[in-house]
Amino acid sequence: MAHPQAPAADSATDSATDPEVPPALRAAARRKKLVPYWLLLPGILWLLVFFAAPLVYQASTSVQTGSLEEGFEVTWHFATYWDAATEYYPQFLRSVGYAATATVGCLALGYPLAYLIAFKAGRWRNVLMILVIAPFFTSFLIRTLAWKTILSDGGPVVSALNSLHILGLTDALGITEGHRVLATPLAVVCGLTYNFLPFMILPLYTSLERIDPRLHEAAGDLYAKPLTTFRKVTFPLSMPGVVAGTLLTFIPATGDYINAELLGSTDQKMIGNVIQSQFLRVLDYPTAAALSFILMAAILAMVTLYIRKSGTEDLV
Amino acid sequence: MPAPSGPSRLLRLLRRNLVVIAGLATLCYLLLPNVIVTVFSFNKPNGRFNYEWQRFSTDAWADPCGVADLCGSLSLSLRIAVWATIGSTVLGTMIAFALARYRFRARSSVSTLLFLPMAMPEVVMAASLATLFLNMGVSFGFWTILIAHIMFCLSFVVTAVKARVMSMDPRLEQAAQDLYATPLQTFLRVTLPIAAPGIAAGALLSFALSFDDFIITNFNAGSTVTFPMFVWGSAQRGTPVQINVIGTAMFVIAVLCVLVGQLAGGRRKRS
C-alpha cells in the first residue's frame with residue numbers, strides 16, 4: 001500500500017505543501033487528499049486478507065510435508081511440485097486441450113451471433129441480448145445436467161449422429177466411444193463450450209458494436225467482396241473482443257471440473273477434478289497447493305505468450 | 001439471364017443469410033438446455049433420475065418444496081446472495097469512485113489486485129482460501145461462504161461501476177457546486193443518480209454470481225449446503241423433478257424482471 005502522504009498528481013498537492021496557503025485550508029486539502037485511501041481501505045483490505053494472503057499461504061502449504069493427524073510443517077519439500085507434475089501431467093495436458101478446443105468452439109459459434117446482434121438485428125437487438133444473457137439465470141449446474149438428457153444414449157442427438165454415421169467417424173478419431181456421446185471427450189468439450197459461450201459473445205459484441213458500419217460501406221465502395229471486407233476490416237477491428245473473449249473462456253475452462261465430472265467419466269478427468277479430490281477427499285493439502293500453483297503458472301505463461309502474439313498488449 | 005431454378009435460389013438465399021442462420025443456430029444451442037429443463041419439469045420419472053421422458057405431470061409444480069432440504073438450501077443461497085451483493089456493492093462502489101475520480105500513487109497496484117481475482121481459475125482461489133480458513137481454525141459455514149463470495153464478486157462490481165463513473169461528465173458536479181450545493185448534496189443529488197445504473201449492474205451481477213457459484217462454495221462451505229451444492233449432490237443421488245421446477249421458475253422470473261425493467265426504462269425515456 002502506498003503511504004498516505006505520498007505526493008499525488010492532484011491539484012490539492014500544491015495547496016497542501018505551499019507555505020503561502022493558510023493552515024486551515026492546508027489541513028482541509030490534506031484531508032481531501034486522504035479521501036481516495038479511505039474509499040479504498042475496506043475493499044482492498046478484504047482482497048488482501050481473503051485473496052492475496054491465502055495465495056501466499058497456499059505457497060507455503062505447497063512446500064510442507066506431514067499428514068492430517070500429525071500436522072503439516074514447512075520443510076521446503078519442493079519435490080511435491082515434481083511429483084505432482086509427473087503424476088498428473090496427463091490431466092494437465094487434457095485440461096489445456098479441452099479448454100483450447102472449447103475456446104475455438106466458442107469463437108466459431110459466438111462470432112456469428114455477436115455479428116448478428118451488432119449489425120443485423122436492428123430493433124431485435126435488445127431481445128437477442130436478453131436471450132443471450134437469460135440462460136445465465138437458471139443455475140448453470142441444472143443446465144449442465146440438462147446436457148445429460150440431450151446427449152443421452154437413446155436421445156435424438158445420438159440417433160441422428162448415428163444415422164449420419166458420424167459417431168463411427170468420431171469413434172475412430174477417439175473423440176467418442178462405442179457409438180455414444182455421454183462420458184466421452186466430446187461431451188465434456190460440448191459442455192465447456194456451452195457453459196463459457198456467453199463469456200465469448202459479450203466481449204465480441206462490445207468490440208463489434210464499436211465498429212462504424214460506414215467502414216463496411218467504404219470497403220464495399222472499394223469493390224471488396226463481403227468476405228474480403230470481413231477479413232481486412234471487421235475481423236482486425238474486432239481483435240480486442242476476440243482476445244478478451246478467448247481469455248475469458250480459456251482461463252476458467254482450464255480450471256473447471258464440473259463439466260468433466262457431470263458429463264465425462266474417469267477417463268476425462270481434468271486438473272480441476274484432481275485438485276478438488278486432493279483437497280476435499282484425499283486431504284493431501286501440499287499436493288493440492290502445488291497443483292494449484294502449477295496450473296496458475298501454466299495459465300500465466302500461456303496467456304502472456306498469447307497476448308504478446310496477438311499484439312494487443314495495451315489490453316490488459 | 002434465365003431465372004434461377006428452385007434449389008439454386010434456395011442455396012443463394014442460404015448463402016446470403018449465412019451469418020443470420022449461424023447466429024440463430026448458436027442462440028438455439030444456448031437456449032436448448034433451458035427448454036429441456038422446462039420440459040422435464042413436467043415429467044414424472046420412473047426412477048430417481050430425471051433424464052428420460054416418461055409421462056406428463058404437474059406434481060413437482062404443485063409441491064416444489066416436496067424434497068427434503070431443497071427449499072432450505074434455496075433460502076440459504078438467497079440469503080448469502082443478498083448479503084454478498086450488499087457487501088460487494090458497497091465496497092466495490094467505494095473502490096470504483098476512488099479509481100475513477102482520484103489520482104494516487106498506489107493506483108496501478110490496486111488495479112492489478114482487482115484484476116487478478118477475475119483472471120484466476122476459481123479452483124485455485126477456492127483451495128487457497130480454504131487452506132487459510134483451515135489453518136486459522138475457522139469453522140466452515142455461512143460466514144466463510146459469505147466472506148468468499150464478497151471476495152470474488154468485488155472486482156466485477158468495481159469494473160461495472162468504474163465504467164459508468166468514468167463516462168460521466170465531471171462538469172455536472174462542478175455545476176452543482178457552482179450552484180452552492182454542499183459536497184454531500186452534490187453526491188446525493190447528482191453523482192449517485194448518474195452512477196446508479198452502473199451500481200445496479202454491479203449489484204445484479206454479484207447477486208447472480210453469488211447465487212450460482214459452486215466451485216468456491218464447495219471448498220469453503222464445510223457441511224453447509226447451498227442450492228448449487230444441493231444440485232451437485234443430487235446429480236449423484238438422483239435428481240428430483242423439483243430442481244427443474246426451480247430452474248424454470250428462476251428463468252421466468254429473471255426474464256420478467258428484465259422485461260419490466262426495459263418497459264420502465266422505455267417509459268422514463270419517453271416522458
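A Cβ is built for glycine as well, from the same backbone N, Cα and C atoms used for every other residue.
Curation does not apply to TrEMBL; its annotations are automatic.
Taken from TrEMBL as is:
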- B:74-264: domain 'ABC transmembrane type-1' (DOMAIN)
- B:18-42: transmembrane segment (TRANSMEM)
- B:80-100: transmembrane segment (TRANSMEM)
- B:112-134: transmembrane segment (TRANSMEM)
- B:140-161: transmembrane segment (TRANSMEM)
- B:190-211: transmembrane segment (TRANSMEM)
- B:241-265: transmembrane segment (TRANSMEM)
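Listed as Cβ neighbours of the transmembrane segment (B:140-161) (distance under 8 Å, sequence separation of 6 or more from its ends, same chain) are residues 76, 80-81, 83-85, 87-89, 91-93, 95-97, 99, 114-115, 117-118, 122, 125-126, 129-130, 133, 195, 198-199, 201-203, 205-206, 209-210, 213, 216-217, 220-224, 226. Using a cut-off of 8 Å between Cβ atoms, the transmembrane segment (B:190-211) and the transmembrane segment (B:80-100) share at least three residue pairs, counting only pairs 6 or more apart in sequence. Distant neighbours of the transmembrane segment (B:80-100): 107, 110-111, 114, 142, 145-146, 149-150, 153-158, 161-162, 165-166, 195, 198-199, 202-203, 206-207, 210-211, 226; these residues of the same chain sit at least 6 beyond its ends, with a Cβ under 8 Å from one of its Cβ atoms.
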